[in-house]
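Visitor: Have a look at this one.
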Amino acid sequence: MLVELKNTTKKLCVIGDPVLHSQSPLIQNTMISALGLDYVYLCQPVPRGMCKPWLECAKFAGYAGFNATMPHKEELVPLMDELDSDAALIGAVNTVCIQEGRAIGHNTDGEGFLRALADLGVDAAGRTILVLGAGGAAKAVCLKLAQAGAKVFVCNRTVEKAAELCKHDPLGRLVPADFELETLCRLAAQADLLVNGTSLGMAGTGGQFADFTFLDALPREAPVVDLIYHPAETELLRQARLRGHRTANGMGLLIHQAILALEHFTGVQIDAGEMGKLLQTVLRD
Ligand code: NAP
């Protein structure tokens, strides 16, 4: 990956706290290089609570835009001059374009997930989907699944958070539930798709599902998708694969949300199929 820096090169970055582990600079600079665009993408630590001064700084320094990761996605919402419909629906911003001094907030996580599902041949319309978790990632996924016409059971350890998430669905297609094994088994039996949006199984966190027997209740033809991509195969995905389910990790979401973000930044239409293949090779190394 080689990005040529010129005096005209436009600046992009990812902000977060922490952020130094982010794959976004690798992903975005790979795409910028492959497309021959006059942009560079940097990694910018911004402490929690400091989005306002950062935004002023980014505008003054002439940034074309930036991505945001934890914990900044919600803090950015009231700071935007304009929000797109997904950022307004989800109540979180992961992509900011700065145009003529105005900050325009987008959210590409939910749409990125729908595109990753489409790659698997799954159309959410009319499906019953079991989503585990009610954090930031699960919220974007659940609200876009509901908008796409799915009925979604949202199971979370802290059931109040699931209930709060479901209140944001203007269509009333999200149903909150607890995270007890009996509940997971009952709802899995009705599901056409299972999505893990918890951090259980993520490398380095130490958390893991106490019991996988809810997978025995899931119809065999229902795919299982984990939003986690590190490790590439979580224990949930391994258990699902051993039971005969089609599985996918969070790499599809990671790639599609990034492609959508670069399209917002640059206005360039990207062939997601070809770019996805390139990014898979870079991210595997
Ligand atoms: P988050 O806001 O911190 O939410 C974490 C979720 O995990 C909450 O629902 C939490 O439940 C649940 N959880 C944590 N420990 C648990 C336990 N021991 N038992 C049951 N539930 C537990 O995090 P997030 O940003 O939504 O991220 C969630 C996962 O998605 C992470 O693993 C992250 O790597 C992945 N992710 C992937 C992508 C991608 O591009 N593929 C993008 C974003 C996130 P409580 O509410 O009860 O605490």
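Every residue gets a Cβ built from N, Cα and C, even glycine.
Keep in mind that TrEMBL annotations are predicted by a computer and have not been checked by a curator.
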Visitor: Gly133, Ala134, Gly135, Gly136, Ala137, Asn156, Arg157, Thr158, Val159, Glu160, Lys161, Gly250 bind NADP(+) according to TrEMBL; which of Leu114, Leu181, Leu184, Leu227 goes with them?
Guide: Leu227
Visitor: For the shikimate site that TrEMBL gives with Ser22, Gln23, Ser24, Thr69, Asp109, Tyr229, Gln257, which of Asn94, Asn196 also belongs there?
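Guide: Only hit among Asn94, Asn196 in TrEMBL's shikimate site, alongside Ser22, Gln23, Ser24, Thr69, Asp109, Tyr229, Gln257: Asn94.
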Visitor: If you count Cβ atoms within 10 Å of each one, which of the recorded positions Lys73, Arg157, Lys161 comes out on top?
Guide: Lys73
Visitor: What whole-number distance in angstrom separates the two most remote CA atoms of the shikimate-binding residues Ser22, Gln23, Ser24, Thr69, Asn94, Asp109, Tyr229, Gln257?
Guide: 18
Visitor: Determine the C-alpha span of the NADP(+) site listed in the record, that is the greatest distance between any two of Gly133, Ala134, Gly135, Gly136, Ala137, Asn156, Arg157, Thr158, Val159, Glu160, Lys161, Leu227, Gly250, in Å to the nearest whole number.
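Guide: The NADP(+)-binding residues span at most 26 Å between Cα atoms.
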Visitor: Counting only residues 6+ away in sequence within the same chain, which have a CB under 8 Å from the CB of Thr69 (shikimate binding site)?
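Guide: Looking at Cβ-Cβ distances below 8 Å from Thr69 (shikimate binding site), excluding near sequence neighbours, one finds Val14, Ile15, Gly16, Val19, Ser22, Ser24, Asn94.
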Visitor: Taking the recorded positions Ser22, Lys73, Asn94, Ala137, Val159, which residues show a Cβ-atom distance to ligand 1 below 6 Å?
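Guide: What lies within reach of ligand 1, judged by Cβ under 6 Å, is Ala137.
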